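OK, TrEMBL features for this one:
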type: ACT_SITE; residues: Glu117; note: active site, proton donor
type: ACT_SITE; residues: Asp258; note: active site
type: ACT_SITE; residues: Glu351; note: active site, proton donor
type: ACT_SITE; residues: Glu372; note: active site
type: BINDING; residues: Thr475; note: Ca(2+) binding site
type: REGION; residues: 513-540; note: region 'Disordered'
type: SIGNAL; residues: 1-24; note: signal peptide
Amino acid sequence: MLTYLYTTILCVIHVLPVINHATGNEGTDQEMYQYRERIKSMFYHAYNSYLDNAFPYDELRPLTCDGQDTWGSFSLTLIDALDTLLILGNHTEFQRVASLLQDTVDFDIDVNASVFETNIRVVGGLLSAHLLSKRAGVEVEMGWPCSGPLLRMAEEAARKLLPAFQTPTGMPYGTVNLLMGVNPTETPVTCTAGVGTFILEFATLSRLTGDPVFEDVARKALRSLWKTRSDIGLVGNHIDVITSKWVAQDAGIGAGVDSYFEYLVKGAIMLQDEELLSMFSEYDKSIKNYTKFDDWYLWVQMHKGTVSMPVFQSLEAFWPGLQSLLGDLENAMRTFHNYCTVWRQLGGLPEFYSIPQGYTVDKREGYPLRPELIESAMYLYRATGDPSALQLGRDAVESIEKITRVHCGFASVKDLRDHKLDNRMESFFLAETVKYLYLLFDPDNFVHNSGSEFETGSGPQGDCVLGAGGYIFNTEAHPLDPAALHCCSRVQEERRELQDILLSFSEPIVSPVAQTGEEGDPADSPHQHPLSSSESIALKPGAKRKARTLSCPMQPFSSRLAILGQIFTDST
């Protein structure tokens with residue numbers, strides 16, 4: 001079953017971009033173009049309002065036309081919006097902002113930052129922008145995509161997060177001071193997603209830079225979290241990262257848990273990792289057994305499976321899109337239709353929605369311009385061409401324009417019952433909501449590439465095929481190119497192989513007499529003493545030799561093919 005699931009997940013991610021949208025497509029080319037132009041107008045109204053009124057603060061306050069720092073004083077909206085600029089086709093502004101960020105963003109600051117948010121928004125945004133730089137017309141340096149200024153910024157930001165992982169369990173603290181590390185009084189209680197949402201960004205960093213520390217800590221956190229699941233296969237909402245004890249024992253797919261499951265699936269795809277897929281498959285069985293009711297997903301007690309909260313949370317709306325990546329389209333569409341009924345009822349998705357009562361939950365009536373349902377619509381439309389997914393996109397454009405547009409950008413909805421607004425426009429509105437809307441109405445966008453276009457990397461080997469499709473979106477909608485990981489990983493492997501070959505030249509020549517042992521113990525032969533490390537032409541002083549594993553330092557380019565970012569060799 002695992003092999004079947006693994007094959008399915010890879011097939012789906014390759015098939016999505018080449019679905020014929022003529023089937024069941026109610027959107028004419030003219031209508032699709034008109035919606036793209038409207039969505040562009042939405043983006044630039046929000047983006048220019050941020051630049052004019054809020055930069056260099058993290059976020060725009062649209063009702064008072066000023067700015068505020070929220071997640072660490074990184075000019076966060078600018079980082080989050082950078083790859084969206086390219087997806088909308090604005091190469092010139094991408095180049096300007098990429099240069100501006102290099103000159104203005106400083107991570108050596110005395111600020112307490114969310115480990116989770118800094119990773120998905122800052123590290124993820126910089127990695128994506130780095131990998132898209134050449135497509136955007138940036139003059140990349142020699143060695144790209146395995147080197148570059150935005151990659152170095154991403155690495156610097158990620159290193160600031162590493163102290164949070166120094167716990168007995170390997171599960172990270174939720175907050176870290178970028179200058180001082182973890183505060184001694186920092187709470188050890190972290191949400192599940194805050195433990196399990198690092199493998200995409202950190203593995204990408206490790207594969208691009210050759211430093212394994214990032215992927216290692218992310219995997220250790222995932223494995224530690226996996227060990228804490230209950231006897232019925234569920235995880236709770238908040239955990240003590242020191243003791244591995246669950247503090248909040250509500251199990252579900254929404255807030256506090258959501259992106260943990262997302263990263264198991266996407267990590268399995270991007271890294272071709274069967275361990276991650278196996279983890280998700282086991283969780284999926286328990287989720288269906290204990291939390292699913294009539295194509296809704298409720299919250300249950302993690303040990304008993306009894307319902308604790310019969311609510312739908314807006315953050316759960318990513319789930320149908322995730323199911324589409326696994327090929328579970330029938331279940332995905334049924335759940336998607338449930339969620340769409342809530343949007344049509346209220347003009348948005350409230351943070352909490354009572355399923356039995358069919359209405360909002362007290363003090364959880366807001367809609368902060370979240371992208372999750374639009375994200376699922378994009379995935380499902382790519383996979384099925386179902387017109388209901390496109391209709392959700394139309395409804396979203398109309399609702400957001402009518403309800404949330406103000407003079408300075410777009411404002412979060414404080415209460416969907418009366419459409420009162422809140423003085424905040426989170427950075428994910430430009431990073432995710434607008435991006436997924438645009439991609440829904442732009443079937444020919446480069447992100448949907450079917451492999452007909454690609455570019456080559458100018459790395460040490462100069463023969464990497466990149467940008468051929470198969471992009472993996474992190475949970476902040478920053479697209480990552482899996483082919484780049486292979487390209488740079490191969491470069492690191494070939495460097496190690498070359499070192500092994502050079503080491504072999506440092507080995508002494510063994511005489512036939514010593515080989516046959518005719519003169520007694522070979523150890524007594526003067527020919528048997530190896531060169532010291534100082535005499536080696538490949539090792540640094542004090543470094544130890546490792547056994548050679550491969551005999552050839554590189555392959556000719558003719559033996560490599562790339563299809564939608566999936567790299568094959570003649571031995572595959």
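We number each residue from 1, going along the chain as drawn.
Using N, Cα and C of the backbone, Cβ positions are placed for all residues, glycine too.
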Same-chain residues six or more away whose CB lies under 8 A from the CB of the residue listed as 'Ca(2+) binding site'?
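Long-range Cβ contacts: Ile120, Gly124, Thr197, Leu200, Asp258, Ser259, Glu262, Tyr263.
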Relative to the Cβ position of Glu117 (active site, proton donor), how many further Cβ atoms are located within 10 Å?
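So the Cβ neighbour count for Glu117 (active site, proton donor) comes to 21.
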Same chain only, sequence gap of 6 or more: which residues have a CB within under 8 Å of the CB of Glu351 (active site, proton donor)?
Ala255, Gln313, Ser314, Leu315, Val361, Arg364, Glu365, Gly366, Tyr367, Pro368
Between Glu117 (active site, proton donor) and Glu372 (active site), what C-alpha distance do you get in Å?
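Pair distance, Cα basis, whole Å: 16 Å.
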